[in-house]
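These notes are about the structure you will find just below.
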Amino acid sequence: IVRRACCSDRRCRWRCG
């Protein structure tokens, strides 16, 4: 449920697209 924070994270950014 954390998409904006993921987009800002380099490790989770790949999940943003």
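Cβ coordinates are placed from backbone N, Cα and C, and glycine is handled just like the others.
Lifted from Swiss-Prot, the feature list:
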{"type": "DISULFID", "residues": "Cys6-Cys12", "note": "disulfide bond"}
{"type": "DISULFID", "residues": "Cys7-Cys16", "note": "disulfide bond"}
{"type": "MOD_RES", "residues": "Cys16", "note": "cysteine amide"}
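The Cβ of Cys7 (disulfide bond) lies under 8 Å from the Cβ of Arg13, Cys16, each of these being in the same chain and 6 or more residues away along the sequence.
Around Cys16 (disulfide bond), taking its Cβ as the centre, 11 other Cβ atoms fall within 10 Å, counting all chains.
With a 10 A radius on its CB, Cys6 (disulfide bond) counts 14 other CB atoms from all the protein chains.
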